[in-house]
Amino acid sequence: MVITIALIGRTNVGKSTLFNKLTGNRNDALASNHASLTRDRKHGFIIVNNTKIVLIDTPGINEDSKKKISLDKEIFEQVKFSIKQADLVCLVVSARNKLMHKDVEIIEMLRKFQKKIFLLVNKIEGLNFDLVKYEFYTLGLRNMHFISATNGIGIDFLTNNICSFFTSQKNSLYKKNKDFDIIYSITNDKKNCCQNLNKTIKIAIIGKPNVGKSTLINVLLNEKRVIVDSNPGTTRDSNWSLIIRNKINYMFFDTAGIRKKNKISTYIEKISVHKTLKILNLVHVVLLVIDAMDGFSDQDFYLLNLIIKNGCSVIIILNKNDKLSEKMRINVLNSKMLKLISHVKCHFISAKHNMGTSIIFKLINEAFFNSIKKIHTSKITEILKLAITKHQPPIYKRDRIKIKYAHIGKHNPLTIIIHGNKLEKLSNVYKKYLTNFFQSKLNLVGSSIVLYFKSSKNPFIK
């Protein structure tokens, strides 16, 4: 059973700050004084008195969210979906703005869903409590909490009341998920998240703005999880979802699009890009989404090098295949970029029309399990000797650099430790040769290989 709480409210009332406070992660949801910063639903995992609870941070409802027919309408649909999903709805309002007409409208809307409602009056620091209390008590809601998400005022009392509520309602709470079993979880350290789950594969979906990343993740999750819009930069934060498919756990991170540095103009975009790059240190597999109509750009090549440098397995997803002719597909596959990365698989899809997407899970499995494949030390040393025979190490100060043996250091990424003398003098060209040689002989499609060179110390040199 998954117990779920949704944080609902107007824009800029402190929902994301409260989300970060409750989940114990300062940087999980983007929080700022800018209105409408959160655009997609974000899920967090909190534990209150040994009770595991899913927390949903929803986009802020604007004054005219129901009237607009573009992005604001999409945001409102995200909010309604979260309300339906939730066992408890926490309506967050701002004490500084006092009670607004929009707050009353939201309460009326929530009552139609027949959900239990907690009213959270946020930003009470420095205000006259009696005046604030009187104004919001006129709403007639029984469960009311006066808090400061920034300073932590009233948070402990709130969490205890949440736990008491779920304890009293535990017999009536039951969830049944169709098509996919969806589980949401988060911890303070995402490197250890889902450690109690077996075979959790973490996947980041990365690419330039407006290449179809959010559309793809909605298809993979079989639900409208993130907002899709034709304007670049719709996704601002790094959203994640965990699904179970064929008894394997997949944690997907949908990230903000990364433009060239000289085109990043706003502070919010800088934060979003920084968080996207940090995710590369947390995931096992990266789906690099490229607009097949545009072909490979310098920015795509930069992102690919960044992914490989971080040791992630990578699959190139060429989206918008429905718009390509056969000749255009051949030209894309014959690009210079692909010839440099023969170990990386490319796959054509149309996320919009759900074409070619079903095989993506198979490609993810292949890339991930290749990265943790057990390889005997004797085979590694045998491949190393063959590489040296075909192309000897360079000479340094009249002596040839000596490479002795190699073994596996760790997996995911596969790290091979090579021992020898004066290995620090090896050129980058020769190191690249060895990496490519191991890649071809081990046939680890989609997986990165990292070589670590360890020189033996001369006992006669002090």
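Any Cβ shown, glycine's included, is placed from N, Cα and C.
The GTP 1 binding site annotation in Swiss-Prot covers 9-16, 57-61, 122-125. Under the heading GTP 2 binding site, Swiss-Prot lists 207-214, 254-258, 319-322, citing sequence analysis as support. Per Swiss-Prot, domain 'EngA-type G 1' is recorded for 3-170. What Swiss-Prot records for 201-372 is domain 'EngA-type G 2'. What Swiss-Prot lists as domain 'KH-like' is 373-457, and the listing cites sequence analysis.
The Cβ of LYS15 (GTP 1 binding site) has 30 neighbouring Cβ atoms from other residues within 10 Å, across all protein chains displayed. Helix, strand and coil residue tallies for the domain 'KH-like' (373-457), in that order: 32 helix, 28 strand, 25 coil [DSSP].
Distance from the CA of THR58 (GTP 1 binding site) to the CA of ASN210 (GTP 2 binding site) is 22 Å. Following the DSSP three-state reduction, the secondary structure of THR58 (GTP 1 binding site) is coil. Comparing CA positions across the binding-site residues GLY9, ASN12, LYS15, THR58, ILE124, the one lying closest to ASN321 (GTP 2 binding site) turns out to be THR58. Annotated pair GLY9 (GTP 1 binding site) and THR255 (GTP 2 binding site), C-alpha to C-alpha distance, rounded: 24 Å. With every protein chain in view, the residue among the binding-site residues ASN210, ASN321 whose Cβ has the most Cβ partners within 10 Å turns out to be ASN321. Within the same chain, the residues at least 6 positions away from ILE124 (GTP 1 binding site) whose Cβ sits under 8 Å from its Cβ are ALA95, VAL132, PHE146, ILE147, SER148, ILE153, GLY154, listed in sequence order. Here the binding-site residues are ASN12, THR58, THR255; the one with the fewest Cβ atoms within 10 Å of its Cβ is ASN12. Between the CA atoms of ASN12 (GTP 1 binding site) and THR255 (GTP 2 binding site) there is a gap of 22 Å. A gap of 28 Å separates the Cα atoms of GLY207 (GTP 2 binding site) and LYS15 (GTP 1 binding site). Here LYS213 (GTP 2 binding site) is compared against the binding-site residues LYS15, THR58, ILE61, and the shortest C-alpha distance is to THR58.
THR255 (GTP 2 binding site) is 22 Å away from ILE61 (GTP 1 binding site) when you measure Cα to Cα. Looking at LYS15 (GTP 1 binding site) and THR255 (GTP 2 binding site), their Cα atoms lie 20 Å from each other. Cβ contacts within 10 Å of ILE61 (GTP 1 binding site), excluding its own Cβ and spanning all protein chains shown: 23.
Within 10 Å of the C-beta atom of GLY207 (GTP 2 binding site) sit 25 other C-beta atoms, taking all shown protein chains into account.
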